[in-house]
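*Asks:* A single structure is presented below for examination.
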Amino acid sequence: MLLNRVKASSQRALDVMRSPFFVKWLPLLLVGCLVLYILIGSLAFYLIEDGIHEYKVRKWRSNMDINRRMQARHISQRIFNDTRNLLIIIDKEQTERVQHLLVDSLKTYEHKIELVGMQRHEWDFLNSFNYAYSLLLTLGHGTKIPGTLPGQIFALLYAMVGIPLFYATLGLLVYRLLCPLLQSVSCAPTSRRIFGLAILKLVYIIWNFLLALYLYEKVFPNDFWMSMLVAFISGLTVQIPKLAMLDSVDMWFLLMANTVTSALVIACLIIFAAIVCPAAPCFKTHRRHPVVDRTESIPQPQKFTIIVDEAGESKLGEARKL
C-alpha cells in the first residue's frame, strides 16, 4: 500500500515536471532557489562564525599588545645594561617613557611592513555572503576557512549541494538564451556557429580586459599586469591573487564579474558542442514546412431543368453550364 502511494506520488511529480508550464518557468524557479540558498548560507556562516571570530580577534590583539610591551621592556633593559659603564642614570619614570616610545615604534614598524593580522569584520554579513558565493563559484576565498568545526562541516555540505545547483542554473539560463539562435534556420550552418563561437571568445577577452581596467583603477593603481592577472585567473575560477588587497565591496564586484565570465565560458562550450554534435536533439534545427491545404472540395449538386415538349409532356434535362 505504501509502495503504491510512493509510486503514485512520483508519477504525479514527473507529470508536473514534464508539463509545458513547468518547463517554461524552470530557469526562473532555479534562480529563485539559488538566491534563497545563497542567502541562507550567508546567514548561517554569519551566525556560526562572527561571534567566535570577534572573540578571537580581541584575544589576538591583546596578545599582540602584551608581546609589544615585553619586547620593548627587553630592548630597554639591554640598552640600559649597556650604558651602565657610561655612568648614565635612568630612573623608573624615564624607563617607562622609553618603553612607551619603543611600543609606538614597533606599531609603526608593523604598519610599514603591512603586517596583516586578524580583522574584526572578517565574518560580517557581506564577507559571509562573499565566502558563500565564492564556494559555489568554485573560486574559493584564498586561505580563508571557517574557524569552528560546525562552520567547516556546514561549508562542506553547503558546497556539495550548492555547486551543482549553481552551475545547473547558470548553464540552463545560458542554454535558454542560446537555444533560439542554435535552432533557427539562419544559424544552422556550421560556419555560422563557428563565427558565433569566435564572437563569444572576443567578448570574453574584452570583458576580462574591462574588469582588469576596473581593478587597475580601484585596487592596483600601480600594477596593470597584476590587474590583468587577477581578472583572467579569477575568471577561470582558479584563485584570486593578492586577495588581501581587496576589500569587501571589491570582492563582491569581482565575484559578480566572474559569474558573467563563467556564463561566457559555458556559452562557448554549448556552441562548441553544437558544432561537434549538430544532430543532438537539443541542437536540431526547426524548419517551417509549407502548409498544405488538404481540405477536399465539396461537389456541387447537379442542376436540372424541366423541359416541356410539344405534346405537353415534361421531362428533366441537365442545365447548361454558363
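Note that Cβ sites are derived from N, Cα and C of the backbone, with glycine treated the same way.
Because TrEMBL annotations are produced automatically, they should be read as predictions rather than curated entries.
As annotated in TrEMBL:
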type: DOMAIN; residues: 119-174; note: domain 'Potassium channel'
type: TRANSMEM; residues: 25-48; note: transmembrane segment
type: TRANSMEM; residues: 153-174; note: transmembrane segment
type: TRANSMEM; residues: 194-216; note: transmembrane segment
type: TRANSMEM; residues: 223-240; note: transmembrane segment
type: TRANSMEM; residues: 252-280; note: transmembrane segment
*Asks:* Counting by DSSP, what is the helix, strand and coil composition of the domain 'Potassium channel' (119-174)?
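*Replies:* Result for the domain 'Potassium channel' (119-174), in helix, strand, coil order: 38 helix, 0 strand, 18 coil.
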*Asks:* So are the transmembrane segment (194-216) and the transmembrane segment (223-240) touching or not, going by 3+ C-beta pairs under 8 A with a sequence gap of 6 or more?
*Replies:* yes
*Asks:* Per-residue pLDDT averaged over the domain 'Potassium channel' (119-174) comes to what?
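*Replies:* A mean pLDDT of 89 is what the model gives the domain 'Potassium channel' (119-174).
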